[in-house]
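**Student:** Pulled the feature table from Swiss-Prot, pasting it below:
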- Pro2: active site, schiff-base intermediate with DNA (ACT_SITE)
- Glu3: active site, proton donor (ACT_SITE)
- Lys57: active site, proton donor (ACT_SITE)
- Arg260: active site, proton donor (ACT_SITE)
- His90, Arg109, Lys151: DNA binding site (BINDING)
- 236-270: zinc finger (ZN_FING)
Amino acid sequence: MPELPEVEVTRQGITPYLVDQTVVDLIVRNPSLRWPVPELAKQIIGQTIRQVRRRAKYLLIDTDAGTSIVHLGMSGSLRILPHDTPVEKHDHIDLVLANGRILRFNDPRRFGAWLWCQLPEEAHPLLEKLGPEPLTDAFNVNQLAASLAGKKKAIKLCLMDNHIVVGVGNIYANEALFAAGIHPEAEAGKIDIERLTVLVAEVKQILAHAIKQGGTTLKDFTNADGKPGYFAQKLHVYGRGGETCTQCGNLLSEIRLGQRTTVFCSICQPR
């Protein structure tokens, strides 16, 4: 599943091709995504795209009339292509631009979404209760400590809770907890401020580095130019259950936590 770095890399890739461009057509081949695609054509055709933003794992394509909210789901991607590029299987939506290019939404598993809202989009039900962005000052040790106070849930589940902090999915939660030396099943409310300080710093560093590397490519993600990300080459624990720890040589443990695969080192991340 594309996580925050992959969505941010996509945003950076498509923005130069979209901003200040007029939408001349919208082609919806399959409206049956995670939620039905609304009747977008009458709202967006003729509109000029003002900016492309990201909130959590949502891409926000702004026009004067409103905002398209795009979510890549489990396997979705957005590509900038020439307008005459042949349509392939799972190419569900084309946003056709006056510059002769299209923004094409491909989603094999159809868990993605393309929605529309009038401004202010912050009041949209998908966005209004989201926590702080991890790469901003709003995500800090004081905020995290307050959010975790009294919680008995495993820290990994809290780290992946979008009400606490957005965009930290399974890949980066595994990696950040390993880097901070925190066991993924540790009771969130009992982690001391010193370790939370380290965890906040590691979340920020790992996400920023993943963005710089173009995201993590496992089996689904490519960026807006169709190129893979390279952060997968630097993963220390995610997807490496049963292999040796890069720090101590111990065999990495793999468990299921919150229905997600969780990998950790029992030596470097003591309970």
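Cβ from N, Cα, C; glycine included.
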**Student:** CA-CA, which of the recorded positions Lys57, His90, Arg109, Lys151, Arg260 lies nearest the residue listed as 'active site, schiff-base intermediate with DNA'?
**Tutor:** Lys57
**Student:** Mean pLDDT for the zinc finger (236-270), rounded to an integer?
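**Tutor:** Looking only at the zinc finger (236-270), pLDDT averages out to 97.
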**Student:** Would you mind reading off the Cα separation of His90 (DNA binding site) from Glu3 (active site, proton donor), to the nearest angstrom?
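**Tutor:** Approximately 20 Å lies between the Cα of His90 (DNA binding site) and that of Glu3 (active site, proton donor).
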**Student:** Give the residue from the recorded positions Lys57, Lys151 that has the most other Cβ atoms within 10 Å of its Cβ, counting over every protein chain displayed.
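**Tutor:** Neighbour-count leader: Lys57.
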**Student:** Quick one: pull the CA-CA distance for Lys151 (DNA binding site) versus Arg260 (active site, proton donor), whole Å only.
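**Tutor:** That separation, Cα to Cα, works out to 20 Å.
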**Student:** For His90 (DNA binding site), list the number of other Cβ atoms lying within 10 Å of its Cβ atom.
**Tutor:** 16
**Student:** Can you tell me how many other Cβ atoms are located within 10 Å of the Cβ belonging to Arg260 (active site, proton donor)?
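**Tutor:** Looking across every protein chain shown, the total is 15.
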**Student:** Can you tell me the three-state DSSP label for Arg260 (active site, proton donor)?
**Tutor:** strand
**Student:** Would you mind listing, in sequence order, the residues at least six apart from Arg109 (DNA binding site) in the same chain with a Cβ closer than 8 Å to its Cβ?
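**Tutor:** Listed in sequence order: Gly73, Met74, Ser75, Gly76.
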**Student:** Enter the number of other CB atoms within 10 angstroms of the CB of Pro2 (active site, schiff-base intermediate with DNA).
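**Tutor:** Excluding its own Cβ, the number within 10 Å is 27.
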**Student:** Where does Lys57 (active site, proton donor) sit in DSSP terms: helix, strand, or coil?
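**Tutor:** Assignment for Lys57 (active site, proton donor) reads coil.
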**Student:** What is the Cβ neighbour count of Glu3 (active site, proton donor) at a 10 Å cut-off, with all protein chains included?
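**Tutor:** So the Cβ neighbour count for Glu3 (active site, proton donor) comes to 23.
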**Student:** Cα-Cα, whole number of Å: Glu3 (active site, proton donor) versus Lys57 (active site, proton donor)?
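**Tutor:** One finds 6 Å between the Cα atoms of these residues.
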**Student:** Reduced to three states, what secondary structure does DSSP give Glu3 (active site, proton donor)?
**Tutor:** coil
